[in-house]
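Okay, structure first, notes after.
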């Protein structure tokens, strides 16, 4: 999709190289030697013609450095060995090793339509099609709707923050990289491991649901068998090149989008009287009511409030993955163009897919429907399917349940993809074993895939009589880890904006400027922090060790890793503004000329508008 533009093209550089090559450096006066070296030393970052070693290796690999310039630089370096002139690296073996390591990158093979559709529907899965049953039964249609709207505002600002940073510095697993650069190494490493833990656990959740969705049709095959089969299939899928992942997610996400849009039209018809039930309208908001029974407390108002608070946790789990575009930025072609487009569609995704879907579900399914709170299994079927069954539309429930199955498989596939890229990023920055930075010829971090998939085997926990309890444990652990990532995104963006101001850089000059900032970042950081600490309130009513452990285990692990990093790195709690790095990786992207990928026909224009 692009090519490296020639960084060293100045005639002044070539002329200086040739002059020095013609004259022996020993014959030059000492002051002239110092002057010449200051002008041409590649390690001197103050000269406009200098390049760092990473760029040099890249240029050397692509053959875009002029042969004479390379020879002259080597000649000068060798002739001045006695003067002990030190560059970034002078050891030939280390240079060759670095050049070899530079080849081991993930590939920028995701196009605009891939990024857009992944951001639009890539991680829509269990949280939406299955997980909304719990908040609906606890908080009722109105309570759950308010919870999802409130959480949606937080997610919007989080993605805006991430979009501004990821467009300016598009790197793989930018969520963890930004925490390390703009906050401190301890924040970055702890956030990285927790974010990986989040997606690995979410993979277990998704795989555990697949078999139970299939049980809608038959229960003759053991649940454990379905879990094993799809665990193997999804894990193997992640060994294909990222382009295959992009194509798969593009078409599956397209099915999700079309299915949800079709459901919304269908639901509107049923609400208006298009079934044997007659016009439904707000019938179920009047009886059994707009607010659910609540939880824990016998006091109606208090119980409903607690039910609403618990719905926030389910909403957070449902929205997880909206920030996925920040992970794909490092594998996106022309990220300065593709990432902003995807970010700007987040609000459309929140309103259409989540808010509108929950609104119609609340109209068509009463909160006291027994199928919403089945205790023998996590789900008997999706609330979407229940609403279709209530309308008496034959065959359509089976079709939509098949859509749910495809959706959950897609979401599970994205879980492994994200987790493997997080481990890859940690390895590339020296914060994980270097083996996790190894990739196949197609750019797949295979050890990251294996490690992430291994934790997905926790899905077998649901194969017992306490399946519902195990399922909720996995959701709580995953959700809290995801909330911590959102918090770090907001905090990193706050420091990023402060660093820009410190350098005198206007945000108006950025490739993408987040809306309503910095207020949106402070808003998201504050409420995410509150939710992190109150989300486990049920463990205290009364106090239960097992529930406390599952509610706060992610927070405990985060604290342990953070403190360990502080001790190991002996770093400041947070970087000084003048020490914040906003240049690394950015210059490399700016040196690339991307091909124009504008839509050329009606079909491409349609997908550009949708994705």
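Using the three backbone atoms N, Cα and C, a Cβ is placed for every residue, glycine included.
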If we trust Swiss-Prot, are residue 445 and residue 583 on matching sides of the membrane? yes
Of 43, 64, 297, which does Swiss-Prot mark as phosphoserine? 64
Annotated residue, phosphothreonine, per Swiss-Prot; candidates 77, 176, 440: 77
Candidate annotated in Swiss-Prot as ubiquitin cross-link, out of 12, 54, 61, 107: 54
Swiss-Prot annotates one residue of 46, 58, 90 as phosphothreonine; which residue is it? 90
Phosphoserine according to Swiss-Prot, picked from 75, 137, 387, 546: 75
Taking every residue in the topological domain 'Extracellular' (137-141), what is their average pLDDT? 89
With the greatest number of Cβ pairs under 8 Å to the transmembrane segment (142-162), the stretch among 186-205, 257-274, 345-365, 399-418 is 345-365
Could you put numbers on the helix, strand and coil content of the topological domain 'Extracellular' (137-141), residue by residue per DSSP? 5 helix, 0 strand, 0 coil
Between the transmembrane segment (446-464) and the transmembrane segment (399-418), are there three or more CB pairs that fall under 8 A, provided the residues in each pair are separated by 6 or more in sequence? yes
Same-chain Cβ contacts of the transmembrane segment (514-532) under 8 Å, 6 or more residues past its ends? 153-154, 156-158, 160-161, 163-164, 312-313, 316, 480, 483-484, 486-487, 490-491, 493-494, 497, 507, 555
Determine which recorded stretch among 186-205, 257-274, 345-365, 446-464 has the most C-beta pairs below 8 angstroms with the transmembrane segment (548-566). 186-205
Under 8 angstroms for C-beta pairs, at least 3 of them, ignoring pairs fewer than 6 apart in sequence. Is the transmembrane segment (304-321) in contact with the transmembrane segment (446-464) by that rule? no
Remote residues contacting the topological domain 'Cytoplasmic' (163-185) - C-beta distance under 8 A, at least 6 residues beyond either end: 106, 191-192, 195, 323, 325-327, 329-332, 335-336, 339-340, 342-343, 421-422, 424-426, 428-429, 431, 485, 488-489, 491-493, 495-496, 499, 507, 510-514, 517, 565, 569, 571-575, 580-582, 584-586, 589
DSSP helix/strand/coil residue counts for the topological domain 'Extracellular' (275-303): 11 helix, 0 strand, 18 coil
